[in-house]
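A quick write-up on the structure given underneath.
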Amino acid sequence: GSVVASYPYDDSPTHRPTGVYSKSADDEVFRYLAKAYASHHPIMRTGKPNCPGEEGETFPDGITNGAQWYDVEGGMQDYNYVWANCFEITLELSCCKYPPTSELPKEWENNRESLLAFIEKV
């Protein structure tokens, strides 16, 4: 896990494991939507999730192009965009995939304003 808003494409023509910006035709819209979420999240907006084992990982503005971060062939985000014209972003909300129940209220507070800002864009 991490704390970042990722947007298409997750796959790249070269399938290099990381570092390839795979721009979609709607790149500006996806960046706008990702920033709308990330800019209201207290950790995500810093671009420094500080996840254990990945302390040096950074994401400018708290967002990333999926394939630039890491290449995923056949991902749902890309599939839905290409075949159903759905504009989806992927939200990584925690360094921990399964946070303990005791942390859920804090996670809600971290994401509430971001979620409302994102819904307003719809």
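One is the number of the first residue shown, and numbering goes on along the chain from there.
Backbone N, Cα and C define each Cβ position, glycine as well.
Averaged across the domain 'Peptidase M14' (1-122), the predicted model reaches a pLDDT of 96. Residues or ranges marked as domain 'Peptidase M14' in TrEMBL: 1-122.
The region 'Disordered' annotation in TrEMBL covers 1-20. According to DSSP, the region 'Disordered' (1-20) comprises 0 helix, 6 strand, 14 coil.
Of all Cβ atoms in the shown protein chains, 18 besides its own fall within 10 Å of the Cβ of GLU92 (active site, proton donor/acceptor). The active site, proton donor/acceptor annotation in TrEMBL covers GLU92.
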Going along the chain, which residues at least six beyond the ends of the region 'Disordered' (1-20) come within the CB cut-off of under 8 Å?
-> 26-27, 30-31, 33-35, 37-38, 41, 43-44, 49, 51, 54, 57, 59, 62-75, 77-78, 81, 88-97
